[in-house]
Structure formats: structure tokens, C-alpha cells
Amino acid sequence: MTDKLDHADNTRLAEEAAAKERQMGFREVLATYYPAALWSAFLSCGLIMEGYDIGIINAFFGQNEFINHFGHTNAQGKKYIPATWQSLMNNGAQIGQIIGLLINGYAQAKFGSKRTYAAGMILMVGAIFLPVFSKNLPMLFGGELLCGIPWGIFQTLTTAYAADICPVILRAYLASYVNMCWGIGLFLAAGIVRASLQIHGIWGWRMPYVLQWFWPVPLFIGVMFAPESPRWLVQNGRNEEARETIRRLARTGHYTEEALDAQVALLVHQNELEKEEASGRSYADCFKGTNRRRTEICCVVWAIQILCGQAIAGYATQFLRAAGMSQTGAFNINLISYSMFLVGGFVYWITTHHFGRRTIQLTGLGMLACSHAVLAAMGFVHAAHPENNNIARAIGGILVITNFSFTTTLGPGTYAIVAEMPSSRVRPPTVALARVCYVVSAIVIQQLLPRMLTPQGWGWGTRASCLFIGTCVASWIYCYFRLPETKGRTYGELDKLFSQKVPARQFASKSVNEFARVDHDAPSDAKDEEERIEDMKKH
């Protein structure tokens with residue numbers, strides 16, 4: 001039915017749909033659109049696998065059975081995992097993720113979220129075999145690389161899917177839940193590796209890998225019943241299918257036929273707005289028109305997530321053991337540290353209701369800079385008194401606080417920003433490019449951290465935090481001048497704000513009407529007059 005409506009009808013219905021959504025409170029939106037929230041949360045569970053593997057491989061570097069099986073022997077006859085191989089293990093997964101990210105940026109736009117996700121799960125089942133039956137470090141490296149490909153697919157697919165199917169008020173919650181799933185994986189890994197300390201022989205490290213097979217089958221079955229993104233359907237001219245999908249994303253009986261027409265009209269309207277900037281949906285279109293600015297912001301913000309230095313907390317087990325703490329004690333602190341992803345995620349849900357994405361990002365960078373300053377100072381003290389285990393315990397506590405600072409701000413907040421910032425037409429490739437920037441940054445940091453932290457490397461310990469004080473300050477300056485506020489804005493409003501080249505610091509206060517038709521070739525004073533009229537309407 002929507003296909004037969006003229007432009008005026010589409011605009012009227014779209015405006016009505018946007019106005020109605022704005023009038024709904026959080027509880028009403030959640031009660032109405034809980035199917036969309038549940039489907040988004042379900043698909044996001046694929047990220048648990050990635051977080052789980054990253055958690056176990058880092059924790060294994062401090063586990064005796066893993067070290068005995070894969071380790072090299074030093075001059076004193078003691079087994080250890082060389083810093084070079086520690087970096088390669090993490091980088092193997094990162095290289096695979098880059099491949100998966102580039103695949104998803106094309107495949108999600110071409111084939112949709114459902115088919116791409118299902119294909120990734122099939123690949124995941126096969127890839128797990130290699131790490132489970134690894135006999136040496138090169139074989140384990142190959143397994144990490146293969147597993148990284150489907151992880152790369154899931155990383156950005158779930159973020160874009162949450163942004164596509166959720167109402168404005170739920171976007172930040174469901175996008176940030178992706179980060180919580182990643183944290184759940186880390187937490188499970190810490191707990192399982194802690195439990196595996198009681199298992200002797202090769203199954204002490206092999207069993208945690210075997211447990212990865214728990215996830216793909218139920219997730220594959222579930223995605224077969226999941227609704228496709230209605231935005232993707234509209235972009236591919238399948239408006240009637242989008243109409244039925246929108247019906248599924250709300251509680252039964254919520255939509256009247258006219259309300260469904262209005263929702264489809266809103267998607268059609270926003271799609272037409274975005275086509276004015278770039279008609280295609282390729283990687284090249286991410287750098288055309290206003291998409292260039294949006295892509296830059298996404299890429300830098302996601303790189304900041306690793307450049308802020310939170311990754312130092314991932315080496316807590318190994319560092320604390322080197323500092324004299326027992327294996328059990330170090331793993332206990334590691335478990336507490338990773339639990340911050342869950343606690344921090346819930347805290348973020350509270351703060352994002354009251355504060356904007358930009359405010360939370362700037363606050364988080366300030367908190368992390370302070371945490372790194374304390375870690376660096378304690379690192380110098382510990383270097384002067386290496387026999388003092390109380391300092392090691394204090395460092396462990398600060399590492400937990402550092403993780404908490406990250407998981408309440410930059411961790412979940414980055415997903416919300418990257419989900420909302422791109423144009424809907426190029427969201428999959430933009431999010432993929434942004435995550436590639438994160439992964440490349442992670443490869444660099446993961447080459448440096450083992451060398452900086454371990455006694456076999458440069459032996460800096462937490463004095464390495466001096467580097468991250470500088471990166472946090474530089475990141476804060478960038479976000480202050482370049483990161484706009486997206487909270488509460490419809491995608492149409494964001495399109496207008498970017499097309500009008502509004503400075504980042506003015507996004508929150510700028511009044512804009514996404515349904516006003518502005519001639520971009522008109523004289524600037526005519527545009528200014530229209531903006532004054534729109535401001536008068538708002539006030």
C-alpha cells in the first residue's frame with residue numbers, strides 16, 4: 001500500500017510516525033517494542049564467543065597447564081610463553097577479524113543481516129576445530145586466525161542490526177548491550193579458566209576451547225526465525241516485506257494498518273534523504289558528501305576504545321603473577337576485573353538515560369587518564385620495591401577500577417555512538433571500517449603491551465600507563481571538538497544536521513526539522529530564514 005502513496009502522503013505519514021515515537025516514554029517504548037529488543041539482544045550473543053576467546057587466550061598465558069604444553073624453556077629451565085607469541089596469538093584473531101569485517105561490510109548490505117549471520121555461524125563451527133586440537137603455537141595461531149573471520153562478521157553486524165530495528169529511545173541500550181555480551185564472554189572465560197586450574201594435563205586448556213561449540217547451533221537456529229532489518233528491506237525496494245517485519249518488531253496488535261503505512265513511509269523518507277548524499281551503499285560511498293565526516297568520527301571513536309589503554313587490565317593475571325601473587329589469587333582478581341563489564345553495562349544504562357553520548361565519552365576519558373596516572377605512579381613504586389606484594393595487590397585493585405571506568409563509559413558508549421552516527425544506507429560498511437580501525441589499533445597495542453609489561457620484554461610493568469595518559473588526553477581533545485551529540489535524534493534529524501555542517505558542539509542545542517525540504521543550491525540567506533522559522537516553531 002505504501003508504494004502507491006505520493007510524496008506528500010509519505011511525508012505526512014512519516015512526520016506523524018516520528019512525532020508519535022517522540023511522545024512515548026522509555027517504559028512505554030520497551031513494553032511496545034520488546035520483540036525488537038529481544039531479537040537484537042539474541043543476535044548480539046554471538047559476541048560472547050569473541051569475548052570468551054580473547055579472555056581465555058590472555059588468561060592461558062598465566063595458566064600452568066597451557067604453559068607446560070605450549071611454552072618454551074628459558075635458561076633457568078622454566079617454561080614461559082614468549083612475548084612475541086603472545087602478540088601473535090592475539091594478532092592472529094585480529095587479522096581474521098579484519099577479513100570478517102570487510103566481508104560483512106559488503107555482505108550485510110548485499111544479502112541482509114539474517115543470511116550473513118547464519119553463514120558466519122556455519123563457519124564458526126568449523127573454525128573451532130583447529131584451536132581445540134592444536135599441538136603447537138603455530139597451529140594455535142592458525143586456529144585463532146580462522147575463528148577471527150566469523151567474529152569480525154558478528155562484531156559489526158549485531159551493532160548495525162540493533163541500530164536498524166530499535167526505536168530511537170532504545171538504540172543506546174541495545175547497541176551498548178553488544179559490549180556487555182563481549183564482557184560476558186570475558187567474564188565466562190575468566191571463570192572457566194579459573195575452574196580449569198583443577199584439571200591436569202591437556203584438558204586443562206583444551207576444555208575451555210571445546211566449550212565454544214555451545215553457541216553456534218542455538219544461534220543458527222534462532223536467526224532463522226529472526227526478522228530482517230526493515231531498513232534493509234526498504235533500501236532494496238521490498239516495502240511490503242518491511243511492513244510485515246515492522247509488525248513483528250512490536251507487540252501483537254500495536255499497529256493499525258495506517259500506522260504501519262506511516263512507519264514504512266518514515267523509512268522511505270529517511271532513505272530518500274540519505275540518497276541525496278550518496279545513492280550507493282559501497283565502501284566508496286562512506287567517503288562521499290557528509291558521509292566522510294561521519295565515517296571519520298566512527299573510525300576515530302572506535303580506535304579510541306583501544307588507544308585509551310584499557311587493554312592493560314586484560315594482562316592482570318600475568319602481571320600479578322610476575323609481581324609475586326599466587327596463581328589462584330591472580331585469577332580471582334582477573335575474574336573480578338571482568339565482572340566490571342556486566343556491572344559497568346548496567347551503570348551505563350542508568351547514566352545514558354540522564355546524560356548524552358558526548359558527555360559520557362569525555363567523562364570516561366578523563367577518568368581513564370586519572371587511573372593511568374595512579375597506575376604509572378604505583379609502577380614506579382613497585383619497581384623500587386619489587387619484594388612488596390602489597391603493592392602488587394594495590395595495583396590489582398587499580399586495574400579493576402580502570403576496567404570499571406572503561407565499562408561504564410567508553411566500552412558501551414562507543415557502540416551507541418558508532419551505531420547512531422552513520423547514514424543508514426552505508427551503516428554496515430561504515431561500522432565495518434570503524435571496527436577495522438579498532439582492530440589495527442589493537443594490533444599495534446598488543447604488539448607493545450606484552451613487551452612493556454612482561455619481565456622477558458622491557459619490564460615496565462604498569463609504568464606503561466605513562467603512554468596511555470597521553471593517548472587519553474589527545475582523545476579527549478579530539479572528542480571535544482569533533483564528536484557531536486546524537487542522543488534523542490532521529491536518523492532524519494542527524495542527516496539534516498550533518499548536511500547543514502553544524503559544528504559538533506552545537507548538535508545538542510540545534511533545532512532542526514527533518515521534514516523541511518531545503519534547496520541546497522538556494523542562497524544562504526534563504527536557508528537562514530528557513531532555519532529561523534523552524535527555531536520559532538520549536539520555541
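Each Cβ is built from the backbone N, Cα and C atoms, and glycine gets one as well.
The shown structure was predicted, so the numbers you read here are calculated from the model rather than taken from an experiment.
Residues or ranges marked as domain 'Major facilitator superfamily (MFS) profile' in TrEMBL: 39-487.
The region 'Disordered' feature in TrEMBL is assigned to 519-539.
Sequence annotations record features per position, and here TrEMBL assigns transmembrane segment to 116-133 (among others).
Taken from TrEMBL, the feature transmembrane segment covers 153-174 (among others).
Taking Cβ pairs closer than 8 Å, the transmembrane segment (181-203) reaches residues 44-56, 59-60, 63-65, 69, 158, 211, 327-328, 331-332, 334-335, 337-342, 344-345, 407, 411 in its own chain, all 6 or more past its ends. Look at TrEMBL and you will find 181-203 (among others) tagged as transmembrane segment.
Annotation comment: TrEMBL describes 209-226 (among others) as transmembrane segment. For the transmembrane segment (209-226), the list of distant contacts is 39, 42-43, 45-46, 48-49, 52-53, 56, 113-114, 117-118, 121-122, 124-125, 128, 131-132, 192: same-chain residues at least six beyond its ends, Cβ to Cβ under 8 Å.
For 297-317 (among others), the entry in TrEMBL reads transmembrane segment. Among residues of the same chain six or more beyond the transmembrane segment (297-317), those with a C-beta under 8 A of the stretch's C-beta atoms are 54-55, 58-59, 61-62, 330-331, 333-334, 337, 361, 364-365, 368, 372, 375, 396, 399-400, 402-403, 406, 410-411, 414, 417-418, 421-422, 430-431, 433-435, 437-438, 440-442, 445-446, 449-450, 453, 462, 464-465, 467-468, 471-472, 475, 478-479, 482-484.
The transmembrane segment feature in TrEMBL is assigned to 329-350 (among others).
Positions annotated as transmembrane segment by TrEMBL: 362-385 (among others).
Feature annotation from TrEMBL assigns transmembrane segment to 391-418 (among others). Proximity of distant same-chain residues to the transmembrane segment (391-418), defined by a Cβ-Cβ separation under 8 Å and at least 6 residues beyond the stretch ends, is recorded for 159, 171-172, 175-180, 183, 297-298, 301-302, 304-305, 308-310, 312-313, 316, 319-320, 323-325, 330, 333, 336-338, 340-341, 343-345, 347-348, 351-352, 357, 360-361, 363-365, 367-368, 371-372, 374-375, 378-379, 381-382, 385, 431, 434, 461-462, 483, 486.
Residues or ranges marked as transmembrane segment in TrEMBL: 430-449 (among others). Sequence-distant contacts of the transmembrane segment (430-449), counting only residues of its own chain at least 6 positions beyond either end whose CB sits under 8 Å from a CB of the stretch, comprise 87, 90-91, 94-95, 97-98, 101-102, 104-105, 152, 155-156, 159-160, 283, 286, 291, 294-295, 298-303, 305-307, 309, 311-312, 315, 418-419, 421-423, 464, 467.
Remote same-chain partners of the transmembrane segment (461-481), defined as residues 6 or more beyond its termini with a Cβ less than 8 Å from a stretch Cβ, comprise 300-301, 304, 307-309, 312, 319, 323, 358, 361-362, 365-366, 368-369, 371-373, 375-376, 378-380, 382-383, 395, 398, 448-449, 452-453, 504-505. If you look up TrEMBL, you'll see 461-481 (among others) marked as transmembrane segment.
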